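If you look up TrEMBL, you'll see 20-39, 46-69, 75-95, 116-135, 150-169, 190-211, 231-252, 310-328 marked as transmembrane segment.
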Amino acid sequence: MSQDPMDFEWSYWVEWGRERLLWLLAGHLLVSQMSRLLVEKYKPWCLMVYGMAACWLLLGIKGFAVILLHAAISFAVAQFQLSLLTWLCSLILLATLRIPAVEETKRKWYDTENEYYLLLFTVSVRCLFCTSFSLEYCWHAPAHKSSHSFPWMLAYVFYYPTFHNGPLVNFDEFSKQMRRQEAFSVKTNFSILIVGIIRIFFWWCLAELMIHLMYIHALYSSALPLESASYWALGGLALAQVLFFYVKYLVLYGVPGLLLQMDGLKPPALPCCVSLMHSFTKMWRSFDVGLHRFLVRYIYVPMGGSQSSLLGTLLSTALTFAFVSYWHGGQSYLWYWGALNWLGVIVENGTKRILSISLIQNLI
């Protein structure tokens, strides 16, 4: 039975997973468990070296050099300890990914378009990791700078389970957990691994079943069936698409999340089922937890967040969604998507504030 070919993201990562990524992740698991068993103290550096080797193998020396250059530039700019300058650097580095001449040069490095896209996705995610490290560097006192050295930045940036597609783990969480040395039990880790593999396999089978039977994305790519469908049918199609998106990310984040657990780290919670959500706010908090923590810690709270005036809250929320839209690619439809989400969050929070007024509560 043929499958729906229109979901690029699922087809892309499944193809890469079958070819190389699963083998490289298995290699990371082996190195991680051996280092935890034999040289716990040097585990971060063992994993750093493995991540750099895996990057070189997959992306070539030029792709590896691009990521290393991004890290070096971010670290150099962080030395000024100015958050605004760090953000400016991060936005400029992201902007370089969309310069046509630079894109064309990078395409020539590879034989296939898929290899170029792997570099593009990887560098986009690495930009967030570089930003997280640099801002933490800016915020910490000189006495703590040894824990924010360039080798620690490389250990964080080249940590392989989250390397190509996330999930996002902020540097402060990564550093604390990676430094923590705790009792290691092969038996316990093995049981976690087996249970995790069974769960991920179930989610993968469910996603494949949906791709082979439902053809949601193929229907969306053609205007004719959508124009002839009733509103109930369109609503059903929309629900089916977000449910598939949810199952897809259970797999895409479940695999690296399992490896994080095996490394003794606490991964961000997996996406919450979209059928249980009824608000924009909960959707943003519960779907991509790692990205949400990044946005709150580095954009929303520094800009004032909910503790500032009404205008300040509107501005900090708008800047958060503007960054999300820009990071995802900055195409016009992403700006519309970001604006609608911003409007949804503002309306929800505004309604909550109105309902919290004692007079309104008495009327209710």
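Backbone N, Cα and C define each Cβ position, glycine as well.
Remember, it's a predicted structure, so these values are computed and weren't measured experimentally.
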Inset, instruction - Return yes if the transmembrane segment (150-169) and the transmembrane segment (20-39) have at least 3 CB pairs under 8 Å (sequence gap of 6 or more), otherwise no. - result: yes
Legend entry - Any contact, the transmembrane segment (75-95) to the transmembrane segment (46-69), with at least 3 Cβ pairs under 8 A: no
Legend entry - Intrachain residues whose Cβ lies under 8 Å of the transmembrane segment (190-211), provided they are six or more past its termini: 3-4, 7, 10, 29, 240, 243-244, 247-248, 250-251, 254-255, 258, 261-262
